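Beneath this line is the structure, given in C-alpha cells, with notes to follow.
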Amino acid sequence: MSKLSVIIPAAGSGERMGSDIPKPFIKVGDKTILEHTISRFLEVPDVAQIIIATSKSYIPTIKSMFEQLSTDIQLDVVEGGAERQFSIYNALKLVSAECELVAVHDAVRPFVRKQLIEECCEVASNIGGAVLGVPAKDTIKKVDADKVIESTPDRSVLWQAQTPQVFQKELLVKAYESALGENFIGTDDASLVERIGGAIQMVEGDRENLKITYPVDLKVAELILGVGK
C-alpha cells in the first residue's frame, strides 16, 4: 500500500465543551484526546508521517508529546490558521515527498479503527479519495432562515461524513489551491475535492468513531475506554 501522511488539525477551542482547554487537550483517562487519536494511527504500518496543526501556544505541548512517543514515524507540528481549512493547508506544505496519500482526521475522533483507516487508503489509492462515514439514522429537514421546513431529503441517500478522509496527495493539494484561490471555504476536505471534480467514495465506518464535541460525548468516550465514574 502507498505511504500515508496523516494531518490532524488540533487548533479548535473548548467552547462547546464548556472548557477553557481546547478539546484535543482534555484528558480522558490518563491521556489527552489527541494522544488517544495519535495512538490509533501509530498502529497502521503504512503511516510514514503525522502532522499536527495547532495554535502557536500549544506547539510546545505537541513537541513534548512527541518526545514521549516511541516510533520511527516522522512527527511534525505546524501553526494552525484562523480556519480549519487554513490549518490543513499549512500542514499540506510539510507532507513528505515519499507519501502518496494524505489523510485528514479530526483530533477529537479517538476511536477510529485500524481496519477502517486501511480501507480508506485502499479506496483512495484506486479512485482518488475516500471518506469514512455512516448512513444517516435520523430524518433530515431542510429549513429556511426562519427555521420553516422546506423539504425532507431522501434519507436513504444521505450519509454522515466522518474522518479520516483520505486522498491522493496531488488531488488534495490541487483542491486546496483551487479553493483558496477562489476564497471558497468548505465544511470538510471532501467538499473541496468534489468542487474540482475529484472522485470520492464513501467507506462505511461505525458509530463508535464519534467526534467529541459536547460534554455528553466526553461521557460516552469515558464509557468506551472504561474510565467513566
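Just so it is clear, glycine is given a Cβ too, placed from its N, Cα and C backbone atoms.
So that you can see what the record holds, here are the features copied from TrEMBL:
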type: SITE; residues: Arg16; note: site 'Transition state stabilizer'
type: SITE; residues: Lys23; note: site 'Transition state stabilizer'
type: SITE; residues: Arg155; note: site 'Positions MEP for the nucleophilic attack'
type: SITE; residues: Lys211; note: site 'Positions MEP for the nucleophilic attack'
| remark: CA pair Arg155 (site 'Positions MEP for the nucleophilic attack') / Lys211 (site 'Positions MEP for the nucleophilic attack'), Å rounded to integer, equals 21
| task | Indicate the candidate from Lys23, Arg155 with the smallest number of other Cβ atoms within 10 Å of its Cβ, considering only these recorded sites. | result | Arg155
| remark: So Lys211 (site 'Positions MEP for the nucleophilic attack'), by the Cβ count within 10 Å over all chains shown, scores 16
| field | Coarse DSSP state, helix versus strand versus coil, of Lys211 (site 'Positions MEP for the nucleophilic attack') | value | coil
| task | Measure from the CA atom of Lys23 (site 'Transition state stabilizer') to the CA atom of Lys211 (site 'Positions MEP for the nucleophilic attack') and give the result in Å, rounded to a whole number. | result | 10
